[in-house]
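**Q** Submitted below is the structure of interest, expressed as structure tokens.
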Amino acid sequence: MPQLTTTSPAPVKRNSLTKNQLPGWANWAVLAGSLILGAALSTLIGFNVIAWALISAALFVIAGYFVTLSVEGGRKAKDRFVTNIIVAAFIVALLPLVSVIWTVLAKGIPGLSMGFLTTSMNGMTGAVDNASVQNGTEVLGGAYHAIVGTVLITLWATIISVPIGLLAAVYLVEYSKGGALSRAITFFVDVMTGIPSIVAGLFAAAFFGLMFGPGTRTGFIAAVALTVLMIPVVIRSTEEMLKIVPNELREAAYALGVRKWRTIIKVVVPTAISGIASGVTLAIARVIGETAPILVTAGFVNSINWNVFSGWMATLPTFIYRQLMNPTSPTNVDPSAQRAWAAALILIVFVMLLNLIARLIARIFAPKTGR
Amino acid sequence: MSNTLTEGGAKGRAGDKVFSGLTLFAGCLILVVLFAVAAFLILQAMPTFAADPAKITGGEGFWVYIWPIVIGTLIAAVIALLIATPVGIGVALFISHFAPRKMAQGLGYVVDLLAAIPSVVYGAWGIAVLAPALVPVYGWLAENAGWIPIFQGPASQTGKTMLTAGIVLSVMILPIITSLSREIFLQTPKLHEEAALAMGATRWEMIRMAVFPFARAGVISAVMLGLGRALGETMAVALVLSSGALIPSLIKSGNQTIAAEIALNFPEAFGLRLSELIAAGLILFVITLAVNMIARWIISRHKEFSGAN
């Protein structure tokens, strides 16, 4: 039998609801304490910012646990511990993002000039780079040919994959009745999203290799490889968008005697067009940065090639790769590195712009779902 | 008054047939393409399987040539998963359950930005920033933990090692794991969460008792999809890893992955070597296909039982 005792009223002002709780400033106090202690400890092993941050973070997590344990009890302490770990995970995830963007900006901006955007690497030999390093003059050569290649190949991939992707999505949403075929298509579209990009490149190379002889490399083959990567993305996003078109719209059209295909073309697709457009833009953003499939299908050149059906082509990603792996001048790699980073900056700007456009389209022209 | 929507009788009927036929054709084309990918890879890889083992690179047949690279691919993917899974789930939880509601969506976009950066840029970042930064760490590991085979010294002086490649890969698959897990976490029935909190559970206990059991299948498949991406990722490894024979140490140069092997050698390959690389691609295709199919199977099974839709 537990013994009943009468508790005397608490002498302090805190009421029973907030008893055994840390005050709001406790967390900040622990943080300040661990930062100071972390600075002291990291000075012992030779001060640097990374060591300071790591030691302070570890101290903060541990101290937070024990401070909470002493006042609020074990369960709350565990909660505090996990919360701190999760916030730490988020900060850890942000570090590479910040580092990548900072590196690309810092290393890419010096190489960016009108000359870089409007000249190709045609005639750029190691001697030119050596001379520019020795004389301290501007780095010559640029990525114009790679920009042309990127735009053309991506354009062709879009032209092929958008109609196919759109029609397939229309089939899945409007025509299929949940049969085996549509379930197979849905399943394999999902599986296709996971095809490694280099395998898509190998497929295109193998396919055209059989038709036009091995070693055939053109921009169009690269576009076919990108199509394999792009179609599933287009289908998935279009499918999602068509699904949220309210059924009332379709029924209203049918009630007016409109045929099914005209309903789809004139009512369903226009209602969802903003979502479809943003999905397509995201798909373009995904394939524009692909390197491996281009490398095995379009080869690499230093001169401008406007014809996707004949001759090798360069794109921005392969340009970056080649400049880093095979610098134009093996003895002076700095000009090549500078060109690579400038091209990386252009590529990232392309991709970010596409993402931004996709989000804007989706937000401004959001479909009216009738809710 | 004729209306553009309703005009035409027989013509409209034909249009219906043509249009539905077109969509059906496009749908079937997807299956044909996937089948064609497999078929052409097999067709072009045949010479390798039929060839005299002595003529294959290494001189001892295709399987002897390929297995160290397959193991290397798996090692890189496992390192990436070991790092990206806890961090990715943590980030997903932070966005879905810990961050202030107003910030959550913006933070989601920020993490999605990681997915928008092209792989070749990650590779370049790996060589220029990450590898040099890790050299002292590797030196320390080789000195103090060298008795563990994976940290056997002497450490690479350039930092272009398997561990660096694995870390770069983990950054690249992080957004996949995060965004999928986040979606699943957000789908947890609000009633379950509120019931747990009403019983006096702390936030962590609520997540452990209500969110995790609900999300387990989804998170597993998210990790599998991340694995599929890590297995097939090419450029980051091709740029970051200075490749070589299969060795246990992760902090020395050495090891190779299938995708990087193809990318590095394909431009100069012809004849049997070309076929060999395509055969390697076929192996990669089969592995990633299996991983992705298992992941999708888990998701589809989960959908039927969750009642979330």
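Cβ atoms are placed via backbone N, Cα and C, with glycine included.
Fair warning: this is a prediction, and the values are worked out from it, not measured in the lab.
From TrEMBL, for reference:
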DOMAIN    A:147-358  domain 'ABC transmembrane type-1'
TRANSMEM  A:25-44  transmembrane segment
TRANSMEM  A:50-69  transmembrane segment
TRANSMEM  A:81-105  transmembrane segment
TRANSMEM  A:143-173  transmembrane segment
TRANSMEM  A:185-212  transmembrane segment
TRANSMEM  A:218-235  transmembrane segment
TRANSMEM  A:267-288  transmembrane segment
TRANSMEM  A:340-362  transmembrane segment
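So where do these features actually land, and what's packed around them?
**A** Through the fold, the transmembrane segment (A:25-44) approaches residues 51-53, 55-57, 59-60, 63-64, 67 of its own chain, all at least 6 residues removed from its boundaries and within a Cβ separation under 8 Å.
Within the chain carrying the transmembrane segment (A:50-69), a Cβ under 8 angstroms from the stretch's Cβ atoms is held by residues 22, 26-27, 30-31, 33-35, 37-39, 41-42, 76-81, 84-85, 88, all 6 or more beyond its ends.
Outside the transmembrane segment (A:81-105), and at least 6 residues removed from its termini, the chain residues within Cβ reach (under 8 Å) are 57, 60-61, 64-65, 68, 341, 344-345, 348.
Outside the transmembrane segment (A:143-173), and at least 6 residues removed from its termini, the chain residues within Cβ reach (under 8 Å) are 116-122, 182, 185-186, 189, 219-220, 222-224, 226-227, 230-235, 238-239, 242-243, 264, 268-269, 276, 280, 283-284, 287-288, 294, 298, 301-306, 308, 313-319, 339, 342-343, 346-347, 350.
Tertiary neighbourhood of the transmembrane segment (A:340-362): same-chain residues 101, 103-105, 107-112, 116-117, 143, 146-147, 150, 274-275, 277-279, 281-282, 284-285, 288-289, 316-317, 319-320, 323-324, selected by CB-CB distance under 8 Å and a gap of 6+ residues from either end.
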**Q** Short question: which residues 6 or more past the ends of the transmembrane segment (A:185-212) have a Cβ under 8 Å from it?
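**A** For the transmembrane segment (A:185-212), the nonlocal Cβ contacts are 168, 171-172, 176, 218, 221-222, 224-226, 228-229, 231-233, 235-236, 290-297.
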